[in-house]
Amino acid sequence: MAFEFRLPDIGEGIHEGEIVKWFVKAGDTIEEDDVLAEVQNDKSVVEIPSPVSGTVEEVMVEEGTVAVVGDVIVKIDAPDAEDMQFKGHDDDSSSKEEPAKEEAPAEQAPVATQTEEVDENRTVKAMPSVRKYAREKGVNIKAVSGSGKNGRITKEDVDAYLNGGAPTASNESAASATNEEVAETPAAPAAVSLEGDFPETTEKIPAMRRAIAKAMVNSKHTAPHVTLMDEIDVQALWDHRKKFKEIAAEQGTKLTFLPYVVKALVSALKKYPALNTSFNEEAGEIVHKHYWNIGIAADTDRGLLVPVVKHADRKSIFQISDEINELAVKARDGKLTADEMKGATCTISNIGSAGGQWFTPVINHPEVAILGIGRIAQKPIVKDGEIVAAPVLALSLSFDHRQIDGATGQNAMNHIKRLLNNPELLLMEG
């Protein structure tokens, strides 16, 4: 009888996912831990590895189809495979496993006494058999470092954790990185015969585009948007960045204007805390957030992603610059984790990098505000009674009018302008 592999719970509270790509087909011979498919949820693309070795008999769910946790997605001829219980799917096998707990109590190992704090939000890559093994040993699998392919946790890693040691990183990481690059290379489009005066072609909506569309529609339908547009002379900011650009480069930091904007926004969120909340109309609650995490909208080949700079209020301009650059590289390479894209309290969208100026950015719901920054352009301004040319930055602030009144929004915008106009004040207040 073929082993029926069901879509496992891939975490983040997501109960379904779209099969983006299959890496196997009927007749393929696979080994345990080989990647079967890529699954897209609302937050990221996740690789689904095989828990068994064997031969693929049948792929049950086509690419582009949404599967629910517990659905059979592929059948594998794996004679030696035991029935496995997957998180998110209950069947009679669970009752069969209960007596096994009493068979060999002597094998129960004491819970490891490591004192490090465990990140309960960490995304874990591990086979169901390894998860079960960790539970039997009394180990919190989120505390274990993975040495397998793509950081996957193995039984040896669990044993090493129990012994108080750290696993050695696998040499497969370099090879896996190469494989990922190959896997992410888009396939050449199929030849299409275009006829008539108005030729058209169709394609399935990609998983990432579908997730983006869902988020945009939800935000616009839920939050009444108001957008304020303004501009500010940033000559002093321009000079400040120029002064410290070489110093930053000496320590490997690429200094841009964006970290300054992050610090200015954080200062505004602290001064006007209504912008750092969520409005839960169904529960009749306003959630006040006493942390300042800034999302940075990033344009990638896959679509719009929003990595998050956590605790931006605690970081320097240089630190924020480094983190933004690192997250941008991960976004372009498709290697952002779900944890790196959650937890934002307010977001920045930089249309200026594409040459844009003012626009109406869509709030990243359930946040209540988003700051849009446009290009810096030389414009005539009046300074000390004279018309002079100066670099001017375009700003657009969208906010949820259910929570934020117009005057509050404009006051926040004025505060941001004041800080960007005078970077020394920004450093004092930020």
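Each Cβ is built from the backbone N, Cα and C atoms, and glycine gets one as well.
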Region 'Disordered' per Swiss-Prot - which of 165-199, 305-339, 340-374: 165-199
Conformational class of His401 (active site) under the three-state DSSP mapping: coil
For His401 (active site), the number of other Cβ atoms found within 10 Å of its own Cβ: 14
Average pLDDT across the domain 'Lipoyl-binding' (2-77), rounded to a whole number: 85
